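Just below is one structure, and these are the notes that go with it.
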Amino acid sequence: MTDPFDLTDDDLDAAPGDPETPPPEPPWLAGLNPEQRRAVETLDGPVLVLSGAGTGKTRVLTTRIAHILHLRRAQPWRVLAVTFTNRAAREMRERLAAMIGPVAESVWLGTFHALSLRMLRRHAEKVGLRDGFSILDADDQLRLLKQLMVDANMDPKRDPPKALMGRIQRWKDRGLTPDRVPDADAREGAARRARELYTRYQTRLLELNACDFGDLLLHTLAILQAHPDIAAEYQRKFDYILVDEYQDTNVAQYLWLRLLAAGHRNLCCVGDDDQSIYSWRGAEVGNILRFDTDYPGAAVVRLERNYRSTPTILGAAAGLIRHNTDRLGKDLIAAGAAADDPDVRKVTVRGLWDGEAEARWVVEEIEALGHEMRGSGNGTGNAAAGTAILVRATFQMREFEDRLMTCGVPYHVIGGPRFYERLEIRDALAYLRLVAQPDDDLAFERIVNTPKRGLGETSLQTLQIMARAAGIPLLAAARDLAASDELKPRARTALGAFVADVDRWRALVGGMPPSEVCATILEESGYAAMWKADKSPEAPGRVENLEELVGAVAEFETLDAFLEHIALVMETESKGAAAGVTLMTLHAAKGLEFDVVFLPGWEEDLFPHKRALDEGGQASLEEERRLAYVGLTRARTRAFVSFAANRRIFNNWQASMPSRFVDELPDAFVDKTSDTGLYGAVTAGFAEEFGGWGTRHPRRTLAAGSGGSAGRVAPGTGTWKVRDRSGDGQGIRVGQRVFHQKFGYGTVQSAEGGKLAVNFEKAGRKTVVAGFVEPA
DNA sequence: ATTACAAACATTTTT
DNA sequence: TGTTTGTAAT
């Protein structure tokens, strides 16, 4: 297979094809609506396509590329199309190939990271990396950082490595090398220490001839900035640049694009500010918000015709997202069913007693819909699945899994630990890496004593000191050490044998297919045997995974090719469509669509998540709201929102209030009182039995018009029935004995913001909403 | 060097 | 509640 990214044999300065005879209008333009057509046909200069959910974003991107090529405005290899995920890149390439055939292979199409890596491989020496540098994954990064912390005598209690790593990554997201981190960002103690550590970290990476994900962009950026000749070369190479999911770009990516587009400014960015949900990973919504300031004269195209969802779903979503202030402002128009279509159902909103009841209800609804549940992929990559349950946090998944399993409803979970992140796979990969790259110290450390070879702390310490003193890789040091008599005989023999093994395996590379090399290593190292002998319940699965790994290696010609691939693509290609209900986080659902979507857990403190609010305030609230918006707009025909009054989190019960987002859904599009009357009955039951929702969020007041008359269902408005407990459990004092329906009798320990901490006699200490208890 | 137990902690995670 | 992480004991 030819490498579509290989620059080396391209003619960087090839002239664009001559536009002699414009071919007849191709069929693909005909199917576009006027806005899409404008987005496709506005070829020159900067273009921003604001593409709302379900408005045909990918279609516009692929058609635009096809159009450019069709008009001979550029050769395929002079078009650069950037995505965030491998999935998006794959989908785009497939759809492009369907339009224009195999020539689609030549387009420079890939993720920011994959494309950066191609450039970086060519110019690695400019940033101090040598040929064949390796790419660390999250696990390696953290282990490296921890080592550096130990060296620097830092206390992991005071500075959690993960937090420090996070800071470093955020700096990298902003395109900041250690020397460029502003003092203002490193004033406070932890930040100052993080910056120092950042410097050491980068130094150590170069020593290891390695870089992390962030570096792929950062180094490339540094090269383009420091070497105008190289920058100019790429600026001339690409005639047209297209970017997907522009709202998710971070500063480094923004600068990367700006540099590459600096010449002709033929930059087309597609995105939706309302779907920006990754700011916590460094994404800057600001990039899309100020596109036309950055690129004066930019054409802005709004795609607002939604081909996915019903008018009610869109209406509900629009009502919600209207509460955000920092928006470019788009309104989705349903292109499908009319608003008065009797088949169009409102969004169902349902309150339930607890998480378990919620799960039960959701699965009942799924069964009642009797929906023909198809898998999550339909071949074209445009995911069209049956039903999905979208949760805010992964811990919510369990309850649904339990219930689905009990009811025998087929389901699958998306997300969770990925194949290449599993322990046994990472270990196996470390073997392969060490064989392919003798100076990969991190790989060496990982597996010297896995399986156990009797090489402990002390032996390895000796080895580390020796390697560092001599400035050589650990494997080389191990070879020397095994030949000396510094170690105890037992350790020396073990180390010698290990080095000999690695040498022997390396000799195999090239002589036999990489999958056989892999299998041999796993056998001879005793690693496979280690898991086969393991009696723990997960061991058989691990053995299977190892076999699967050997199968995955078989897809590649060389070991290096395989290792390079997995460094960038941390997932195995999904094999066929998984059946049944899809269970995943809201974040994972972006870009997908389903006939029916369930959105459970719409409760204050869970969604919007308390921690997000604590950390990021108003901006985070808006991001949470966008997440809710993304969730709703995944649905084609039906959406179900639910919340529970009580939720067990980490073994203790938390009383919870409906999310403010529930109130923000416009009544006109929402069924808070279902037509069977069930919903109303349950609410009434709640009110009756448990004192109603009692207190709303302390910082919120009831919807206008019902504030003074809580306790009454305003006719036709669907307002929640609320019983006024004369304000936030007034009259309940600390030390008072109270009664709670679920927990029984207890004593109030503290009261704050309408919530009480109560020490229950049977149930222990819980936090409950004041409205749920009564004086005993 | 390895095992065992307790203590801490638990949003989201495209590459 | 389940997992992961660190320490203590063998």
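Placed from the backbone N, Cα and C atoms, the Cβ positions cover glycine too.
Now, the feature entries from TrEMBL:
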BINDING   A:SER51, A:GLY52, A:ALA53, A:GLY54, A:THR55, A:GLY56, A:LYS57, A:THR58  ATP binding site
COMPBIAS  A:1-13  compositional bias 'Acidic residues'
DOMAIN    A:30-310  domain 'UvrD-like helicase ATP-binding'
DOMAIN    A:311-591  domain 'UvrD-like helicase C-terminal'
REGION    A:1-31  region 'Disordered'
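Per-residue confidence over the domain 'UvrD-like helicase ATP-binding' (A:30-310) averages 93 (mean pLDDT, predicted model). Counting other CB atoms no more than 10 Å from each candidate's CB, the binding-site residues A:GLY52, A:GLY54, A:GLY56 peak at A:GLY52. In this structure, the binding-site residues under consideration are A:SER51, A:THR55, A:THR58, and the one with the smallest number of other Cβ atoms within 10 Å of its Cβ is A:THR58. Of all the Cβ atoms in the protein chains shown, 25 others lie within 10 Å of the Cβ of A:ALA53 (ATP binding site).
Under the three-state DSSP scheme, A:THR58 (ATP binding site) falls in the helix class. Around the Cβ of A:LYS57 (ATP binding site), a 10 Å sphere holds 22 further Cβ atoms from the protein chains shown. Listed in chain order, the residues near the ATP site other than A:SER51, A:GLY52, A:ALA53, A:GLY54, A:THR55, A:GLY56, A:LYS57, A:THR58 are A:VAL60, A:ASP272, A:LEU303, A:ASN306, each with its Cβ within 8 Å of the site Cβ centroid.
Under the three-state DSSP scheme, A:SER51 (ATP binding site) falls in the strand class.
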